[in-house]
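Participant: Structure below; questions to follow.
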Amino acid sequence: LLMVLTDALAEWRFCMMASGEQLINGTDMCSGRLEVYHGGHWSPIFNVNFGMGEASVVCREMNCGDAVKASGSFGQGQQLRGLKITCSGTEHSVTQCTLREYTRTRNDHIEEASIQCSAQLRLIGGSGQCSGRVEIFYKGQWGTVCDDDWEIKNADVVCRQLGCGHAVSAPTSAHFGRGSGPIWMDNVDCTGQEAALTHCRHRGFGENNCGHGEDASVICLGKKPGSF
């Protein structure tokens, strides 16, 4: 009983101390190695039983959309002491998950947990869910993508991410009407193989020299399952 109470107290202590998380060494603030702030400093999370449930909680709390990959490689840290985390995936915050201290040795193969998140996408103004102006939900607000350097390979990533097959066209110049709000991405440069548009190279979220007359669009070949 004493051991159970001790473990419960340790979990409660870390949950109370945890007050934020960050992703480092990624391609943007929504990808990278996971660190949690507690006890006045940032601690790494080790990938002990770390999966999509834990990643989903982090992505959601950071307003970064959905988790698309857990334990991807974003470099290896040097700290031996850190935390391990267990979430069901339904929590609204990392502080609602179970956090425990963890110490690795220099000879084991435990690495820091890494995450890739994907901001939500939608297509507006088209004939269905698979064509329209590209809009991204980031930091709690829908915004658009500038058409500078907008090409079919970028559109292909959007279509695939939305479950709409391949792109057949990448219209520019607000083809489906002008959007509103922030212009979140500019000079997007995808290889065409990325799992999400936000994983492509770009100037940085909110960094642009565009107006909404340059909003980018896509027309996809397919349609979402269940749509008509």
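Cβ coordinates are placed from backbone N, Cα and C, and glycine is handled just like the others.
No curator has checked TrEMBL annotations; they are predicted automatically.
Sharing the features that TrEMBL gives for it:
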| type | residues | note |
| --- | --- | --- |
| DOMAIN | 21-118 | domain 'SRCR' |
| DISULFID | Cys87-Cys97 | disulfide bond |
| DOMAIN | 121-221 | domain 'SRCR' |
| DISULFID | Cys146-Cys210 | disulfide bond |
| DISULFID | Cys159-Cys220 | disulfide bond |
| DISULFID | Cys190-Cys200 | disulfide bond |
Participant: Once near-sequence residues are set aside, which residues in the chain of Cys159 (disulfide bond), 6 or more away, have Cβ atoms under 8 Å from its Cβ?
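Facilitator: Same-chain residues close to Cys159 (disulfide bond) (Cβ under 8 Å, separated by 6 or more) are Cys130, Gly165, His166, Ala167, Val218, Cys220, Leu221, Gly222.
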Participant: Out of Cys146, Cys190, Cys200, Cys210, which of these disulfide-bonded residues is nearest Cys87 (disulfide bond) by C-alpha distance?
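Facilitator: Of the disulfide-bonded residues Cys146, Cys190, Cys200, Cys210, Cys200 has its Cα closest to that of Cys87 (disulfide bond).
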Participant: Spatially, and counting Cα to Cα, which of the disulfide-bonded residues is closest to Cys190 (disulfide bond)? Options: Cys97, Cys146, Cys210.
Facilitator: Cys146
Participant: In sequence order, which residues at least six apart in the same chain have a CB under 8 Å from the CB of Cys200 (disulfide bond)?
Facilitator: Asn154, Val157, Val188, Asp189, Cys190, Thr191, Glu194
Participant: What's the CA to CA span in angstrom from Cys97 (disulfide bond) over to Cys210 (disulfide bond)?
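Facilitator: Cα of Cys97 (disulfide bond) to Cα of Cys210 (disulfide bond) measures 41 Å after rounding.
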Participant: Sort the residues of the domain 'SRCR' (21-118) into helix, strand and coil with DSSP and give the three counts.
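Facilitator: Per DSSP, the residues of the domain 'SRCR' (21-118) fall into 13 helix, 42 strand, 43 coil.
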Participant: State the mean pLDDT for the domain 'SRCR' (21-118).
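Facilitator: Averaged over the domain 'SRCR' (21-118), per-residue pLDDT gives 85.
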Participant: Around Cys190 (disulfide bond), how many other CB atoms lie within 10 A of its CB?
Facilitator: 22
Participant: When you measure from the Cβ of Cys146 (disulfide bond), which residues in the chain that are at least 6 apart have a Cβ under 8 Å away?
Facilitator: Ile183, Met185, Asp186, Asn187, Val188, Asn208, Asn209, Cys210, Glu214, Asp215, Ala216
Participant: Which residue, of the disulfide-bonded residues Cys97, Cys210, Cys220, has its CB surrounded by the fewest other CB atoms within 10 A?
Facilitator: Cys210
Participant: For Cys87 (disulfide bond), what is the tally of other C-beta atoms lying within 10 angstroms of its C-beta?
Facilitator: 21
